[in-house]
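Peer 1: A single structure is presented below for examination.
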Amino acid sequence: LRDYQQANIKYLSGWNQWKRTSSKSWRKVLKDIKESLSYLQLWRHDIHSIEGKFGTGIQSYFSFLRFLVLLNFLIFILMFGFVTFPTVISKYGIFNSSFAKISPKNTDSLCTVYTPSGNKGLVYFYTYLKDLLTGTGFLETTSLFYGYYEIDAALLRGVRYNFPLAYLLTTFAYLALSLVWIIKRSVSGFKQSLVHDEDQFQSYCNKVFAGWDFCITDLNAARLKHRSLQYELQTDLEEERIKRKIADRTMKEKLRIYSLRIFLNIIVLAVLLGCFYSIYKATAFSQEKSNVSIRRDLRTDSINNTDFQTNLLVQYLPSMVITLANFVAPQIFSILIRFEDYSPAFEIKLTLLRCVFVRLANIGVLLFSLWSQIHCANDNCKACGYNYELYPCWESAVGQEMYKLLIFDFMIILAVTLFMDFPRMLLVTHCSWKLVQWCGLQEFGISDNVLEIIYGQTICWIGTFFSPLLPAIATIKYFIIFYVKKISLIHTRKPPGRPIRASSSNFFFLVVLLIGLVLAFIPLGISIAHIPSSKACGPFRNFNTSWAVVPHTILEFPTGLQMVLNGIASEAFAVPFFMVVCLIMFYFIALAGAHKRVVEQLREQLVMVRFDPLSFL
């Protein structure tokens with residue numbers, strides 16, 4: 001083959017030979033640069049060590065955690081560079097900068113009153129601790145929350161920086177960055193999942209002849225991998241048995257199992273409604289009591305230890321109820337799924353989907369309960385369009401709830417590791433009781449841990465608009481969680497007895513993360529386009545909604561450019577564009593179907609070649 005390639009090169013022209021040589025040299029340079037940069041990769045040695053000891057399944061979780069650290073760090077750079085930094089330098093006059101602040105016009109004076117619950121006079125230590133945990137007090141007036149950003153324009157050496165527009169576009173930018181990066185990483189996982197989508201015979205051959213993970217160097221991990229392959233083969237046989245059992249069911253058996261599934265799904269629906277109602281009532285109670293407490297603190301300028309404990313519990317009540325729902329509901333689902341008589345693979349997928357729905361829907365219910373109080377329909381909302389008495393700066397209030405959820409989730413993760421995993425490890429190690437040894441160490445659940453951090457990431461995506469520095473907190477949180485989970489994996493937990501393949505797990509993690517991002521679009525879209533913006537704080541106080549800054553900015557463009565943009569936004573452009581996109585989509589769907597048929601034909605030919613090699617000569 002090499003002689004054939006050299007013979008072909010001789011017949012190429014000088015220009016083509018130079019292009020070929022340059023292309024090879026450039027590819028080699030890029031490969032060397034890529035290899036050099038890989039040594040600078042975050043946690044490279046730690047992740048390779050985990051992969052070698054515990055296999056690629058657990059390694060995929062830590063790689064996914066590293067991805068979220070980098071993603072949140074980039075989001076923080078975006079928000080700090082285009083939102084926080086211009087505000088800080090213009091407020092303090094750094095680099096000869098200044099700012100413009102325009103008071104809202106044609107607005108009731110009651111709507112512009114905002115007195116943050118800052119600390120005054122002698123302040124006790126536990127008051128600072130409460131403020132740090134709840135985002136109130138001294139934190140409410142910092143750049144962490146939306147209410148701090150009150151400038152309308154930053155002026156730097158004569159250049160005008162449209163801050164409200166920059167705030168909105170930066171929000172769209174971090175959402176677009178997250179979407180593009182997740183899709184880009186999902187493509188490789190999707191390709192691998194297509195490769196593994198084979199018939200049973202090929203699946204059996206791959207498991208027997210190519211299923212071993214040669215990255216494993218630890219004896220216990222090797223035994224685990226051996227049991228994993230054995231379990232996969234047993235699972236395949238079990239699924240084939242269940243398929244045959246389903247095919248042999250009588251009409252009476254089908255009616256019984258379908259009736260049982262309907263009944264169990266009604267129970268699942270009742271559990272979900274119970275969780276949602278509890279979160280709704282807890283949020284309403286917490287907001288009502290918190291506002292009463294804030295008014296009392298403003299009158300007295302002091303707080304005693306008992307009030308501190310009560311206020312902290314009241315303000316964290318929604319977070320505690322959500323955490324309890326996230327713990328109880330999956331336990332109920334795992335019990336009910338055993339009676340629904342599904343295949344093992346579908347049983348795992350359905351349970352995970354229910355758990356994902358519970359975690360993400362709980363955030364939605366929390367926001368809905370907040371919005372129902374913010375965007376009310378009584379007389380309190382007529383003057384400003386929102387409940388200005390309870391929420392003079394409602395964006396900061398939503399940011400505080402997201403901040404508390406993120407902090408409480410982090411505290412729960414640390415508490416489970418310190419006060420549950422470590423004592424259990426000590427009992428198993430030093431106690432010889434049969435019951436203790438039968439319980440053993442808890443397994444390191446890959447899917448559960450992934451859902452845990454996806455839940456936190458969805459909170460971060462939603463909360464960044466209301467708390468621009470929240471990605472920095474999320475970055476620090478996931479950075480610490482990496483080491484906590486690593487220590488927990490090595491010392492306090494055992495690898496899962498039923499590990500999942502790394503390729504399928506990576507793709508599943510990203511799909512669930514994509515679902516969380518899409519669900520984050522909904523509350524952000526409602527907040528930006530539907531709910532009136534606060535008139536007492538924030539960069540959008542001069543606009544009816546946050547989105548109103550876009551048409552206001554377009555009106556400042558030249559007439560020709562306005563006509564082009566209005567034409568793009570009109571139905572005359574949208575309908576043909578939608579039709580063209582649909583045609584392109586149908587073309588690629590048909591192309592994918594044709595490729596799938598070709599692949600199936602090639603597989604059939606390979607089978608035929610195996611039995612009759614001379615037929616293709």
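Every residue gets a Cβ built from N, Cα and C, even glycine.
In TrEMBL, annotation is done automatically, which means it is predicted and not curated.
Feature table excerpt (TrEMBL):
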| type | residues | note |
| --- | --- | --- |
| TRANSMEM | 67-89 | transmembrane segment |
| TRANSMEM | 165-183 | transmembrane segment |
| TRANSMEM | 258-280 | transmembrane segment |
| TRANSMEM | 316-339 | transmembrane segment |
| TRANSMEM | 351-371 | transmembrane segment |
| DOMAIN | 393-503 | domain 'TMC' |
| TRANSMEM | 405-423 | transmembrane segment |
| TRANSMEM | 461-484 | transmembrane segment |
| TRANSMEM | 505-526 | transmembrane segment |
| TRANSMEM | 573-594 | transmembrane segment |
Peer 1: Given the transmembrane segment (316-339), which of the listed stretches 351-371, 405-423, 461-484 has the most Cβ pairs that are under 8 Å apart from it?
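Peer 2: By Cβ pairs under 8 Å, 351-371 leads among 351-371, 405-423, 461-484.
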Peer 1: Counting Cβ pairs under 8 Å to the transmembrane segment (67-89), which of 165-183, 505-526, 573-594 comes out on top?
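Peer 2: The stretch I would name here is 165-183.
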Peer 1: Under 8 angstroms, Cβ to Cβ: which one of 258-280, 405-423, 461-484, 505-526, 573-594 has the largest number of such pairs with the transmembrane segment (165-183)?
Peer 2: 505-526
Peer 1: Please list, for the domain 'TMC' (393-503), how many residues fall into helix, strand and coil according to DSSP.
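Peer 2: The counts are 86 helix, 4 strand, 21 coil.
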Peer 1: How about long-range neighbours of the transmembrane segment (405-423): same chain, 6 or more residues beyond its ends, C-beta under 8 Å?
Peer 2: 133, 316, 318-320, 322-323, 363, 366, 442, 452, 455-456, 459-460, 463, 470, 473-474, 477, 480-481, 484, 487-488, 491-493
Peer 1: Any idea what the model's mean pLDDT is for the domain 'TMC' (393-503)?
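Peer 2: It averages 82.
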